[in-house]
Amino acid sequence: MKAIWLIFKKEILEQFRDRKTIFNALLLPVLMWVGIAFATDRFAGDSSNFSQSDTSLDYKVAVTSAWSKTDQDQFTKMSGIKTYIAKDPAKEVKEGKSNVYIDLDKNTKQMKLYVSDKEPNPVLITQIENYVYKLNQSKLSPKESKNQFKLITSKTQGKENTFLKIYQGFAMFNIIIAMTPLIAGSAIATDAIAGERERGTIRSILSLPFSATTIWSGKWLAVCFYSALSVIISFSIYSGIQPLLKNPTLNISWLKALPIHFHIGLVILLLLYIGMCAALLLFVSTFAKSYKEAQGYYTPVLLVPGGITFYIGFGMQGQETLSHTFFFIPFSNIQSVVYEGAAQSLTFSHLLLAIGSSFVFIVLMIWISASLFKQPKRMLAN
Amino acid sequence: MTDKVIEVSNLEKKFDKTIALKKVDFSVERGEVVGLLGANGAGKSTLLQILSTLIIPSSGEAKVLGKNVQSDPLYVKKHIGLLFGNDTGLYHRLTAYENISYFAEFFGVPQSIYDQRIKDWAERLQLTPHLHKPAGALSKGNHQKTAIIRTLIHDPDIIFFDEPTTGLDISASLSFQDLLKDLKAEGKTIIFSTHIMEEVEALCSQVIILQSGIVSFQGTLTKLYETMQTNNLTEVMRKVIGG
């Protein structure tokens, strides 16, 4: 243990004196997450404008059987919105198939608009109001006020947009914790082994009376330390900047809803994830024959969690639970936990599964890398 | 009764198709200073790397302090000091003092002892004014001096030097030779490879000459001079290497 501590101490001291490390592990997160925070703020603003102006003809509104084919055609012609007759239109809104439903009473000249209480669409409501106005102004309707159509709006039980809810809780939080350890750790990991090989200092280290696993573990701990520091800085910067934004993009309200033992589990999982990233990066550094080669491998390595984020974030389409397989696969496991957490469907067994698979991955990586590390042909060849 | 601290028998090392060492046999007794001589590529560095457990032999056996270098590498590493002259392996971002103390801590040397040793040896090798400068800012000679102190900081029983005076000026080379004489007087066993024949004549009780991975001579300098019928080591090497 003393040897691991000494290796760790030396790595920390040495890396702390390297401008490249300071930039990658400490300064880059500050610059990057501030930039991303303001960029996502603008993007979120723009996309909300876009969705509110979306009056696509593809949008279908449920109507009662009181609507005739002529009424439906006329509505579509004047409002640009398609309709369909539903046996139980309230159920359509409840299940999220339609955002509103409209009932029509030709005798009383009343048009009753029932709007989802979960996700009211003001643009759609305005369009329907406009339709009634146009209808009353047209030749189809007598000018006397008593014969004109009236629109009565009330609320009905709707369905929450689970995709949006999960996505908001998952996206940025997940990106910060999934990407930062890899970005921050790559420079340190490259320097720790591939760099030492290139500078010829690896021979001094290998001449020490300690096993390859001990030496490798000390270096691994140092990479973990800088990565963890970088995650803390990144998260603090990004969450600290949220109150300054018009459209905050970091939603961690789901964390508050979790019981304490889940929080402990999440912290353990996060630490293991940082360890997992450090182990992978250091494995690459051990495997590569030169500093440059190691750097070349990091782009595909960074794409792994990026691809998983994209797959889970968009591919699951608001599905509230994920299959067990997601929790077995390294890098997918922590992201799946965050996903189910955001969906408020995280189970403790899934959390434990993710912790277990991360631990196994780290042990495996240390074993494989230490086996490579003790091969003199690989380490001492120039 | 002899006290053999290094025993090498039938040692062979192949790198792919290249044979670096072939059926090497020799032994070294405690307190001997052995000069390892040979042309570039003769196998000197390979032999020292096998003895210091850094590389594994293809066949044969090498024992240091009675322990096999392959089966007991940690014991061997604990009792040897190792310096490669062409590649000091210092950490450039750490100071000379940190480079040395870092290794001292690894070998479990208490701070009060290693501080005193660093002070003594730095004075002796004229390194004191540079001790707290980053290794990256040191001259090649001061680099080498730092590496020499680092090699000796844990007071090893056996010391391997591979061209240790590379990059040293005359004054530092002479200081280093004095240091080796003191180590010899303390009973340390030293094997060092060099191309400087004056160093061998001044320090070595024995020489081993390697030619294309084969030991062509092992014995005292007197015996070598008798065999080669000359009293000039440079002349001997010229004959052996064929220069």
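Glycine too: its Cβ is placed from the backbone N, Cα and C atoms.
Quick caveat, the model's predicted, so the values are computed rather than measured.
Look at TrEMBL and you will find A:19-370 tagged as domain 'ABC-2 type transporter transmembrane'.
Marked as transmembrane segment by TrEMBL: A:21-40 (among others).
What TrEMBL lists as transmembrane segment is A:170-194 (among others).
The transmembrane segment feature in TrEMBL is assigned to A:220-241 (among others). Listed as Cβ neighbours of the transmembrane segment (A:220-241) (distance under 8 Å, sequence separation of 6 or more from its ends, same chain) are residues 4, 7-8, 11-12, 15, 21, 25-26, 29-30, 32-34, 36-38, 172, 176-177, 180-185, 188-189, 192, 250, 252, 270-271, 274-275, 277-279, 281-282, 366.
Residues or ranges marked as transmembrane segment in TrEMBL: A:261-284 (among others).
Listed as Cβ neighbours of the transmembrane segment (A:296-314) (distance under 8 Å, sequence separation of 6 or more from its ends, same chain) are residues 167, 170-171, 174-175, 178-179, 182-183, 186, 190, 280-281, 284, 287-288, 322, 326, 331-332, 335-336, 339. Residues annotated as transmembrane segment in TrEMBL: A:296-314 (among others).
Distant neighbours of the transmembrane segment (A:351-373): 193, 211-213, 215-217, 220, 262, 265-266, 268-269, 272-273, 275-276, 279-280, 282-283, 286-287, 324, 327-330, 333-334, 336-337, 379; these residues of the same chain sit at least 6 beyond its ends, with a Cβ under 8 Å from one of its Cβ atoms. The transmembrane segment annotation in TrEMBL covers A:351-373 (among others).
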